[in-house]
Amino acid sequence: LDFAGPVQGALRELFGWGYGDYWFPNVRSLSGAIVMLSLVLYPYVYLLARAAFLEQSVCVLEVSRTLGATPMHTFLRVALPMARPAIVAGLLLALMETLADYGTVQFFGVSTFTTGIFRTWFGLGDAVAAAQLSALLMTFVFMLILLERWSRLQARYHETGARMKSLPRHRLEGWRMAVGLAVCIVPLAFGFLLPAGQLLAWVVRTAGRMLDADFLRITGNSLVLAGSAALVTLLVGLFMAYGKRLHGDRLVQGAVRVAGMGYAIPGTVIAIGVMIPFAWLDNTVDAWMRARFDFSTGLLLSGTLAALLFAYMVRFLAVALQTVEAGLAKIRPGMDDAARSLGLGPLDVLKKVHVPMLRGSLITAMLLVFVDVLKELPATLVLRPFNFNTLAVRTYELAADERLADAASASLAIVLAGIIPVILLSQSLSRTRIRYE
């Protein structure tokens, strides 16, 4: 859509137009960034809302119809309010991802808190001002969370029961079918099919130049880093969820809740929060070793993969924690009691009883964290070791240099890695409704 893109290029070739001969919306603007982020982040709302609608009791909807409500009134007054928690949760996730985004807004030339933090840190070298901006951004994020909880007050959303009939299918006809088809196709076409097709065309054109040993090395770095972070995050989330199950007092629940708030904090803020104390600890240890043994330890933590893995764990612990907690909630406490009565300790119960039963939840959690780490950019830019690149960083660097075709290989690799968990989650959502037999 930009002046050098295929759309405007085709218009100029077809009509013989030049620069200034026609009007075209400015893509690199605030409105362009809004459209782009909307096309990218709408699945957060769609997937959660779809799951909520699938889990609704058809009996409630039928009662509404018997009371004289039209299908539209039933949707607005019954189905939509019951799905409100899921929809609001999806909106909050989209808001948090928008606040945390750096690559898109920087490429579109939009100034945000995240780009301001980067300019302050790297451009001006002012760590104090960057920390102040980060604290202000965190305050805004927490205000969003508190506002959502206040809006619910004491409202609760429950279903009538577990057994439900299958949802009746309503066939659309005429203009309704055309509108429904357009609503479904437009986000998919502009959010995935067209971008993926353009990326594939660029990959074919640049494969001989870009798919080299350096690309394989960067891909290996990304896969190993994402796999390691997913494993560490999963283990921490598993032990925290199991500890909450064993000791459900307020202290443990509060600690787990605080630990799970990292997903609400932008990656830039977490990176600065990790960098400052790690750098202070490195300098303190180095000064002590110099004074005592005349030996410099250098940087032990900051600027290493350990700091990056720790930041990933803090950032995405909530993803693994919530997935594991949802799986544990389906295991009856009687299973724990039966295993303990046979002489098994808490760790043996976790290893021999819960882990086999949680296999699906554990795999889902690992896949989600793996994909999130694979595409994480702000924290990686700040904390990565020297000369260590990932697919996300490589894509950003090439796009910043206007080498869009060269960035297609790394971009498409990230897209392909993200398709797998989306397919698995969609299949899982399709099986959530309990059929009435």
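Residue 1 is the first one shown; counting continues down the chain.
Just so you know, glycine gets a Cβ as well, placed from its N, Cα and C.
These come from TrEMBL:
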- 1-146: domain 'ABC transmembrane type-1' (DOMAIN)
- 30-53: transmembrane segment (TRANSMEM)
- 74-96: transmembrane segment (TRANSMEM)
- 127-147: transmembrane segment (TRANSMEM)
- 178-203: transmembrane segment (TRANSMEM)
- 219-425: domain 'ABC transmembrane type-1' (DOMAIN)
- 223-243: transmembrane segment (TRANSMEM)
- 255-280: transmembrane segment (TRANSMEM)
- 300-321: transmembrane segment (TRANSMEM)
- 357-374: transmembrane segment (TRANSMEM)
- 407-425: transmembrane segment (TRANSMEM)
Would you say the transmembrane segment (30-53) and the transmembrane segment (255-280) are touching, if the rule is that at least three C-beta pairs must lie under 8 angstroms and be 6 or more residues apart? no
Against which stretches of its own chain does the transmembrane segment (300-321) lie, if we need a Cβ under 8 Å and a gap of at least six residues from its ends? 225, 228-230, 232-234, 236-238, 240-241, 256, 259-265, 267, 270-271, 274-275, 278-279, 281-282, 285, 365-366, 368-369, 372-373, 376, 379-380, 383-386, 388
Which listed stretch (30-53, 178-203, 223-243) has the most C-beta pairs under 8 A with the transmembrane segment (357-374)? 223-243
Just to be sure I understand, if DSSP states are collapsed into helix, strand and coil, how many residues of the domain 'ABC transmembrane type-1' (1-146) fall in each? 109 helix, 0 strand, 37 coil
